[in-house]
């Protein structure tokens with residue numbers, strides 16, 4: 001199976017100023033493209049040659065895992081945003097967040113803290129288990145909650161390439177601003 005670079009569901013400048021056009025061009029067009037290209041090269045002749053991304057991320061190690069993890073992570077990341085979205089989740093996901101975290105604001109605070117305190121590069125995820133129980137997962141480097149049998153719902157990239165062109169070392173500010181472009185309909189559909 002050949003893995004493809006996903007198409008963005010919006011124009012490259014649509015998420016500005018939260019995610020600048022230049023950041024999207026580098027992040028999607030160069031970083032993600034490289035992960036996809038490397039993954040396709042690395043899986044040739046392996047047990048993963050015809051596997052889907054989730055399976056590869058769950059079962060692989062080393063370079064295959066790193067490139068598959070980053071491909072899966074970025075596919076989820078780029079498709080969860082839309083210009084003019086934001087707000088709070090509704091429906092079952094909104095209810096579960098309120099129940100488990102006390103309120104949406106408390107959830108955001110805990111999520112942002114997880115993202116700002118993750119040392120080095122990685123991801124912070126809202127994930128659910130098979131019973132719908134939510135958790136905030138800090139994943140270093142290319143990690144994804146699927147490795148723990150969890151379903152990733154919402155992921156914020158805390159690798160510096162995700163924010164440095166606009167925010168420099170202000171990771172916390174970037175995380176706070178991302179909430180204004182989250183498409184909760186997409187995130188809810190993953191729950």
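Glycine residues also receive a Cβ, built from the backbone N, Cα and C atoms like all the rest.
Other Cβ atoms within 10 Å of the Cβ of residue 157 (Mn(2+) binding site), summed over all protein chains shown, number 25. DSSP assigns residue 157 (Mn(2+) binding site) to a strand segment in the three-state reduction. Look at Swiss-Prot and you will find 27, 74, 157, 161 tagged as Mn(2+) binding site.
Look at Swiss-Prot and you will find 27, 74, 157, 161 tagged as Fe(3+) binding site, backed by experimental evidence.
Non-local neighbourhood of residue 161 (Mn(2+) binding site): 23, 26, 27, 31, each in the same chain, at least six residues away, with C-beta under 8 Å from its C-beta. Report note: the Fe(3+) site is defined by 27, 74, 157, 161, and the residues of the same chain whose CB lies within 8 Å of the CB centroid of those residues, excluding them, are 28, 31, 32, 77, 159, 162. Cβ neighbour count for residue 27 (Mn(2+) binding site): 23 (other Cβ atoms within 10 Å of its Cβ, all protein chains included).
The Cβ of residue 74 (Mn(2+) binding site) lies under 8 Å from the Cβ of 6, 27, 28, 31, 32, 35, 157, each of these being in the same chain and 6 or more residues away along the sequence.
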